[in-house]
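Asker: Here Swiss-Prot flags GLU17 as Ca(2+) 1 binding site. The Ca(2+) 2 binding site annotation in Swiss-Prot covers GLU21, GLU24 and is backed by similarity to another entry. What Swiss-Prot records for 1-47 is domain 'Gla', and it gives sequence analysis as the kind of evidence. Taken from Swiss-Prot, the feature hydroxyproline covers PRO9, and the record attributes it to experimental evidence. Positions annotated as 4-carboxyglutamate by Swiss-Prot: GLU17, GLU21, GLU24.
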Amino acid sequence: YLYQTLGFPAPYPDPQENKREVCELNPDCDELADHIGFQEAYRRFYGTA
């Protein structure tokens with residue numbers, strides 16, 4: 001895709017985005033992520049990030 005107004009390619013999708021969304025849907029994981037960061041919060045709730 002191209003940004004319509006800027007004329008350059010869109011950035012590559014974040015490979016962690018799916019895991020970030022899973023963590024955001026869990027209120028406890030989301031709250032912990034606010035304090036210690038997404039990757040560490042995800043690891044504590046779901047295993048390896």
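Quick reminder: no glycine exception, Cβ is built from N, Cα and C everywhere.
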Asker: If I take the alpha carbons of GLU24 (Ca(2+) 2 binding site) and the residue listed as 'Ca(2+) 1 binding site', what is the distance between them in whole Å?
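Answerer: Cα of GLU24 (Ca(2+) 2 binding site) to Cα of the residue listed as 'Ca(2+) 1 binding site' measures 10 Å after rounding.
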Asker: Let's check the environment of GLU24 (Ca(2+) 2 binding site): how many other CB atoms sit within 10 Å of its CB?
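Answerer: The answer is 12 other Cβ atoms.
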Asker: Going by DSSP, give the three-state secondary structure for GLU21 (Ca(2+) 2 binding site).
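Answerer: In three-state terms, GLU21 (Ca(2+) 2 binding site) counts as helix.
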Asker: Tell me, how many other CB atoms lie within 10 A of the CB of the residue listed as 'Ca(2+) 1 binding site', whichever protein chain they belong to?
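Answerer: Looking across every protein chain shown, the total is 9.
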